[in-house]
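Feature annotation from Swiss-Prot assigns signal peptide to 1-24. Annotation source Swiss-Prot lists region 'Disordered' at 23-44, 217-302. Swiss-Prot lists Asn73, Asn74 with the feature N-linked glycosylation site. If you look up Swiss-Prot, you'll see 227-264 marked as compositional bias 'Basic and acidic residues'. The phosphoserine annotation in Swiss-Prot covers Ser250, Ser251, and the record cites similarity to another entry as its basis. Look at Swiss-Prot and you will find Thr254 tagged as phosphothreonine.
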Amino acid sequence: MCAERLGQFMTLALVLATFDPARGTDATNPPEGPQDRSPQQKGRLSLQNTAEIQHCLVNAGDVGCGVFECFENNSSEIRGLHGICMTFLHNAGKFDAQGKSFIKDALKCKAHALRHRFGCISRKCPAIREMVFQLQRECYLKHDLCAAAQENTRVIVEMIHFKDLLLHEPYVDLVNLLLTCGEEVKEAITHSVQVQCEQNWGSLCSILSFCTSAIQRPPTAPPERQPQVDRTKLSRAHHGEAGHHLPEPSSRETGRGAKGERGSKSHPNAHARGRVGGLGAQGPSGSSEWEDEQSEYSDIRR
């Protein structure tokens, strides 16, 4: 449940980070088509920014974080790559040999991909963002981010700061990948981010935790209902038993039945009427049937 809770925080961070996506974008360039400018995808990298980034990429060295710094000040607000690079380099000494190898290879992979792909895509900000995040995922997975995280969990957790998740989308992408690296890594990151959230947001973070737990709590299973067929069978069986256990006739009904049997030798319907009278309720109708039976019996004797 903690992992899902962290997922909610990541979503909130993305929402906060995209409040003003069009700030600083080139407004002089018209859209290529009517469908190209959706409400949250109006941004386009200005020609000046494009030229500056391309020039920066050419002059940036292969070692260090120079390539990522080229994307820090741009009109598409693609930020965070340089911060991730610097964080990895500053903490490289805390990693084991496998972790150091991952940092070196992953950063080199990302820098190489940025150089080769930037000039081949559209100037639309969403396209540039997608390119950046896609190549970042590819490099992390290619050089086995999870293996490095599992062997250096404590260092990885120390590198993740709550404020960066609110400001930089590349951090969110990195954390989402780390959450898939096994239970130990996931639990450690979740606990760290939750503690930092409470330190920064206080009771608001607790409210979010309560809401997410309430939303994701499995519904209480209703009591098992007996199938309709079974209930029908039981109902029929109940009525059948009630039919077999009829009330015992009273002494008056017994005498009337005996007289009915004697009269049935000449009048076959008399016995049937006697039985119906025995099953019926006591009342005015019962006395009238008794009088009819007496008159019929008198006629038979005559």
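Using the three backbone atoms N, Cα and C, a Cβ is placed for every residue, glycine included.
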Glycosylation sites compared (Asn73, Asn74) - highest count of Cβ atoms within 10 Å: Asn74
Reduced DSSP assignment, Asn73 (N-linked glycosylation site): coil
